[in-house]
Amino acid sequence: MSATPVTQLTPSSQPQQPCSPLLGASVTELTSWVQQQGQPAYRGKQLHDWIYHKGVRSLTDISVFSKQWRAAVADVPIGRSTIHHRSVASDGTVKYLLQLSDGEIVEAVGIPTDKRLTVCVSTQVGCPMACDFCATGKGGYKRNLERHEIVDQVLTVQEDFQQRVSHVVFMGMGEPLLNTENVLAGLRSLNQDVGIGQRSLTLSTVGIRDRISELAEHHLQVTLAVSLHAPNQALREQLIPSARSYHIEDLLAECREYVAITGRRISFEYILLAGVNDLPEHALELSKHLRGFQNHVNLIPYNSIDEVDYKRPSGDRIQAFLTVLQQQHIAVSVRYSRGLEADAACGQLRTKASR
C-alpha cells in the first residue's frame with residue numbers, strides 16, 4: 001500500500017531550532033530550518049533525503065553542502081542512536097539494544113517474514129504500567145522517548161537488514177498512550193518521511209482512560225491493538241495494576257467508539273497464561289464482550305520469564321480456547337512469538353545491560 005499521508009498529524013508550524021535533533025522533522029520543518037541558516041529552500045529537501053533515505057548520521061557528512069556550512073552546523077545533532085548490543089535468533093529475528101544520547105538503553109526488534117520486515121519499537125525507557133506477567137515493567141520506568149528516538153529505531157533496523165521496513169508495531173518497551181505527543185509525531189514521520197503506509201503501522205496500548213477516544217479524533221488509518229488479557233475486571237486487575245482505575249466496560253466502550261469513528265477494526269491482544277485466563281469459560285466470557293463491533297483477537301501463548309511463575313498453556317488448552325471463540329463467531333488467530341532465543345519476543349523486551 002502507498003504511504004497514505006497522515007493529514008491529521010500536520011508538522012509543527014514552528015521551524016526546528018538549530019540544536020534540536022533533526023530526525024523526525026518534516027521536509028517543511030527542515031526547509032524552514034535551512035533557510036534560517038541562510039541556505040536556499042531547496043536544501044531542505046536535500047537534507048530530508050540524506051536523513052531519511054541515505055542514513056547520514058552527521059551533517060558534516062552531507063557532501064552536497066559546502067564545507068563552510070557543514071562546519072558551521074557540525075554540532076547540530078541529527079538524533080541517531082548507536083547499537084549497544086545485537087542478538088540474532090535462529091528464525092532470523094534480531095533484537096537490538098540501542099544507546100541513546102543520554103546513555104539510556106532501549107530495545108527494538110527486527111522481524112523478517114518472507115518479503116516483509118517488521119520492526120517492533122519502544123516508546124519509553126522502561127514502562128510504568130508494571131503488568132504482572134511482563135519483563136519490561138519489572139525494570140521500572142525512566143522517561144518518555146522523543147520523536148527522533150522512535151523514528152531512529154526503524155531506520156537502524158532498516159539499515160542493519162539492508163532491507164526496506166514494511167511494517168512497524170509500537171509494542172516494545174513502554175505504554176504509547178502515555179507518550180501521545182511524541183508517538184503521534186513518530187507516526188507522522190514514519191508515514192510521511194520514511195514512507196510507510198498508515199495501515200502498516202500498529203499502535204498497541206494497555207488502555208489509558210480517554211486516550212483511545214482522543215486518538216480516534218485524528219481519524220488515522222493505523223491499526224489499534226488493545227492489550228486486554230482478561231475477560232473480566234477482577235482478573236484484569238490482577239494482571240494489569242492500572243486496570244484498577246479503568247474498568248473493562250469503560251475500556252470496551254471507548255473501543256466501540258473508536259471503531260465507529262474511524263471505521264477501523266481493533267485488534268485485541270490476549271496473552272494465554274496456564275491456569276489463569278486460559279479456560280473455555282474465560283473464552284466464552286470474552287466473546288460476550290466482543291460482539292457488535294469490528295475486532296480481531298490475537299491469542300499469544302505466554303513466553304516464560306525468570307521473574308514470575310506464569311507458564312505457557314499446553315497446545316490442547318490453546319486449541320480449546322481458540323475453538324470456543326471460533327464457535328462464537330469471533331475473528332481470532334494464534335500469534336506465536338518470534339525470537340525466543342534472543343529474548344526478543346513479546347513480554348521479554350528487557351534491557352539485560354541494566355541488570
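Counting starts with 1 at the first residue shown.
Cβ coordinates come from backbone N, Cα and C, glycine included.
All protein chains shown were included, and the count of other CB atoms within 10 Å of the CB of GLU107 (active site, proton acceptor) stands at 26. Swiss-Prot lists GLU107 with the feature active site, proton acceptor, giving sequence analysis as the kind of evidence.
According to Swiss-Prot, the feature active site, S-methylcysteine intermediate maps to CYS346.
Marked as [4Fe-4S] cluster binding site by Swiss-Prot on the basis of sequence analysis: CYS127, CYS131, CYS134. The number of other CB atoms found within 10 A of the CB of CYS127 ([4Fe-4S] cluster binding site), across every protein chain shown, is 26. According to DSSP, CYS127 ([4Fe-4S] cluster binding site) is assigned to coil rather than to any helix or strand.
The S-adenosyl-L-methionine binding site feature in Swiss-Prot is assigned to GLY174, GLU175, SER204, SER227, LEU228, HIS229, ASN303; the stated evidence is sequence analysis. Within 10 Å of the C-beta of GLU175 (S-adenosyl-L-methionine binding site) we count 26 further C-beta atoms, all protein chains included.
What Swiss-Prot lists as domain 'Radical SAM core' is 113-341, and the listing cites sequence analysis.
Sequence annotations record features per position, and here Swiss-Prot assigns region 'Disordered' to 1-20.
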Averaging the pLDDT values of the domain 'Radical SAM core' (113-341) gives 95
Rounded to a whole number of Å, the separation of the Cα atoms of SER227 (S-adenosyl-L-methionine binding site) and CYS131 ([4Fe-4S] cluster binding site) comes to 11
ASN303 (S-adenosyl-L-methionine binding site), Cβ-centred 10 Å count of other Cβ atoms over all protein chains shown, is 20
Counting Cβ atoms within 10 Å of each Cβ, the densest environment among the binding-site residues CYS131, LEU228 belongs to LEU228
Same-chain residues at least 6 positions away from SER204 (S-adenosyl-L-methionine binding site) with a Cβ under 8 Å from its Cβ, in sequence order, are VAL169, PHE170, MET171, PRO176, ALA225, VAL226, SER227, GLU269
